[in-house]
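The signal peptide feature in TrEMBL is assigned to 1-24. Annotated domain 'Ig-like' per TrEMBL: 35-123, 130-224, 237-328, 331-418, 424-511, 515-602, in sequence order. Annotation comment: TrEMBL describes 609-704, 709-803, 808-910, 914-1010 as domain 'Fibronectin type-III'. Taken from TrEMBL, the feature region 'Disordered' applies to 691-716, 1057-1162. Annotation source TrEMBL lists compositional bias 'Polar residues' at 691-715, 1146-1162. Feature annotation from TrEMBL assigns transmembrane segment to 1027-1048. Look at TrEMBL and you will find 1057-1077, 1099-1108 tagged as compositional bias 'Basic and acidic residues'.
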Amino acid sequence: MMKKKSISASKASLVFFLCQMISALDVPLDLSQPPTITQQSPKDYIVDPRENIVIQCEAKGKPPPSFSWTRNGTHFDIDKDELVTMKPNSGTLVINIMNGGKAEAYEGVYQCTARNERGAAISNNIVIRPSRSPLWTKEKLEPNQVREGDSLVLHCRPPVGLPPPIIFWMDNAFQRLPQSERVSQGLNGDLYFSNVQPEDTREDYICYARFNHTQTIQQKQPISVKVFSTKPVTERPPILLTPTGTTSNKVELRGNVLLLECIAAGLPTPVIRWIKEGGELPANRTFFENFKKTLKIVDVSEADSGNYKCIARNILGSTHHVISVTVKAAPYWITAPRNLVLSPGEDGSLICRANGNPKPSISWLSNGVPIAIAPEDPSRKVDGDTIIFSAVQERSSAVYQCNASNEYGYLLANAFVNVLAEPPRILTPANKLYQVILDSPALIDCAYFGSPKPEIEWFKGVKGSILRGNEYVFHDNGTLEIPVAQKDSSGTYTCVARNELGKIQNEVQLEVKDPTLIIKQPEYKVIQRYGHVSFECIIKHDSTLIPTVIWLKDNDELPDDERFLVGKDNLTIMNVTDKDDGTYTCIVNTTLDSVSASAVLTVVARPNPPFDLELTGQLERSIELSWIPGDENNSPITSFVIEYEDGLHEPGVWHYQTEVPGSQTTVQLKLSPYVNYSFRVIAVNEIGRSQPSEPSEQYLTKSANPDENPSNVQGIGSEPDNLVITWESLKGFQSNGPGLQYKVSWRQKDVDDEWTSVVVANVSKYIVSGTPTFVPYEIKVQALNDLGYAPEPSEVIGHSGEDLPMVAPGNVQVHVINSTLAKVHWDPVPLKSVRGHLQGYKVYYWKVQSLSRRSKRHIEKKILTFRGNKTFGMLPGLEPYSSYKLNVRVVNGKGEGPASPDKVFKTPEGVPSSPSFLKITNPTLDSLTLEWGSPTHPNGILISYILKFQPINNTHELGPLVEIRIPANESSLILKNLNYSTRYKFYFNAQTSVGSGSQITEEAVTIMDEGKMAMASRQVDIATQGWFIGLMCAVALLILILLIVCFIRRNKGGKYPVKEKEDAHADPEIQPMKEDDGTFGEYSDAEDHKPLKKGSRTPSDRTVKKEDSDDSLVDYGEGVNGQFNEDGSFIGQYSGKKEKEPAEGNESSEAPSPVNAMNSFV
């Protein structure tokens, strides 16, 4: 969808320079030369008789020539006619008609002669004829009465004008009469009817003749045509109205336009076809006009001669006519004589060769006189179409005329022989600058003159060698061509012209520029109507050239519209409309080249609505709908949606009827009785749906019995003693007729009862009262209208109303699976006692008390629902070592039945939760005091506490692990015999008979020995020495630097030796101390992924246990956000993981502390 063009200015100039070769030796006007005709009027010169006649004749020469004229072959003395003047320094005649002259008086053949001392040139014979636009001759026109189906020719017969007029037919209102395959105008101006129709009757068929030269229009009298009808109209095979007969001849001149015509009569209207016998119609030059009745071939040549056959055909037959075409030719040049410049003693020749059909004769004149009677010249010899000159002298200068003529015309050419002796001269300006584009031809001019003809040589650079070789082309007119210019082609070029009389040189400059390129071309765009679109055109160009960018639309200027925004390298169109569809071209011009790139913009939109909806083939239950699609707006229509309106039942409401493919424009529609239909069509394409078409005409179908019965019939009681029968009413168009009603019938199932029926209207519900509780009924609902009943409906089973169940489930048993899960069983209730649809069973259960603590709390009952006829279920989320109660109830659509007797069950002990807190206080040199709180959820009877602890040395390695068992009734402990100034890590948990609960960890430090500190303070002999103080400062500074490096690496997630040791002995159960005990929190690293909150109670296995004993039923049952399998069992797994024991040995996850670091150096 994109195209790109590039035009180099150098290539265009190539044509100019090569054409200049023809006149490369034009004689400069400052040198003596014979006359040359430069301008003259056309051979056949038709003038306006109301304006002055101007007959042109211009010539050049040295000395300037004088002019004279002949008229009809004799001398025309302009001085004797005061109405004729000649322009100064010119041979152009002006005949003053506007001052009383008559153009007809100056008709004739004129010829101009331009003469100076070196010869005489003559013009063509100029035939002067004034234009004519005569009036129509008066004639009595009889009305044309024609039988329908016959042919008719209305003759125009315009007056003969000069030039011939242009013919057209119009009516009294100056409106052109419509033409078609049936009615058309012939080449002679007549109006042809292949067959007439009643609509051809009129009284104002008027033929007009327009004479363009005088700008006048002549009108023929109106012609009347009356068509009378006869039934039936007789069909006729084709006959030719023009041309007549079976063959004819046609002569046309070479180069003209060949027009052949065939117009036929017949009914139905014949179709015309053209062939060339024994050949093909010429491609690219053949055109068909006037509804293929005219064959047009442009620029004909002798090869187009032959037999052309036109064939007229309709369903009744065919006829034909053969036109034999002969192409003749007026004379045309093969080689026209050219001016000849010779130096004294040189030889030369004039050649005059022409062709034509018939072949033209050649004759020579010298200075306007036939050469046979012209003065003799010993250097001249005539040889047919050639004049040969030998050893010419200055007196040999003259103008020779060559005349080539046949019966269809003539050619006249002037060519002079100018004998001069002149040294070389270079006509190209010195230091002229030539600029070309890289890789394009460079043409460097060296226009010259001299006699004898100089030789031309080219040099590059000031002292360069002569240019030779295949990389250069040397033209006869002196031009140097570099076919493919490169960057190194730039520079100075010297042209040297020399002959025997002298030598001259000239320097010119060549610059090779980078080409202009479009590096980002506009691209094909598809845009929705009212959107915005942008075309890019990013260019690269030589820095010394100034580009101009022009945008075109469809090869024309952009619309004058503010929506078109032209930027530096783009074109933006705002609010795109359908008119913006087309090809956009970016043209970049510099003084040397031009490039362009194009892209197509396709504007798409929803389709236009269909139109001309038509209903045909109307039947009781079907109809055919057809339509004409609207404009698809450049996006193919994929489908048509047909909608209908029921004006009888739902006026103004449109319903979907059907959908058909986009290639279909008719559809057979099924109809329902008693509906007043209107239809409309919506077109759909990829962009969306069109607006609906205008509605079709209405079509009312006849009434009929209903075809269908109500749907969704149900019988459900709302009370224990009734039956509510409901159904979906038929829509209006489903009624098939007036008086729509419903016959409602019911009877008790499995009881030998008759049907009970009622007929209701305008309702969709009927209530039957006094029914037994929850018994099945057979139900049916039948539609009927004024014309009768619908087909027999199918029966459905319904039930009268439900009541609450009467019996509670019995034999309720509970099996305790573990401390948090139990399974309950019950016996199903008898179905009759349910008195409704069995929906399932509900289990109510609640915690009575904890067995480890006698205090009661608020009772919160929990409910689990088990769907269907289940007889067991799982009770999840129980608290260990607790007493529970439960009961079971049956559920139907009315509600719940009575509860079963409460069943008591107990859960066994479980492992306790972690102690509620662990606090370490009163640090001394060798002791620490531990205080703790009992577990929030003991989950049984506590039998003891387990305390484990181990020291952490200065390198954060863990020491030996010590374990102490503490009675369950204790809440504090003093640890003695500890090391002073040492950090310890403590692990603490509680135990029941089932096992140990989750542990809590803390860390603490014993204090430093003050006695030893005092002893150290007394040893000041060394400590007070300057060298020792300096050494200690250096050590402290080094330690500080190391600490900073460690913290930086630690913050960046890196590892260092201490960390590596920690990783090697990591204790997953180590947890940070509380904030309020003055101990240090847990260290963390990005690679450890451990939670770092102080005081956390996260177990070592990374599982989280709830602190309180609230029951969680997220994974169980329906009534309390639970979920069960089909058998009522809980979906999930129950498993306990034993807490990991603290690792034996030295390990720590403690971050390095500044205090610890300093302690290690004390």
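Every residue gets a Cβ built from N, Cα and C, even glycine.
Just so it is clear, the model here is predicted, and its values are computed rather than measured.
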Exercise for review: Could you pull out which residues elsewhere in the chain have a CB under 8 Å from any CB of the compositional bias 'Polar residues' (691-715), counting only those six or more residues past its ends?
Suggested key: 606, 608-611, 613-615, 618, 620-621, 623, 625, 627, 643, 645, 647-648, 654, 671-682, 723-730, 734-738, 740, 742, 746, 764, 777, 779-791, 793, 796-800
Check your understanding: DSSP says what for the domain 'Fibronectin type-III' (709-803): how many helix, strand, coil residues?
Key -> 3 helix, 47 strand, 45 coil
Review point. What stretch in 35-123, 331-418, 515-602, 914-1010 has the biggest tally of Cβ pairs under 8 Å against the domain 'Ig-like' (130-224)?
Key: 35-123
Revision key, fill the gap. For the domain 'Fibronectin type-III' (914-1010), the averaged pLDDT of the predicted model is 90
Review point. So, does the domain 'Ig-like' (331-418) come close enough to the domain 'Ig-like' (35-123) to give 3+ Cβ pairs below 8 Å, pairs being at least 6 apart in sequence?
Key: yes
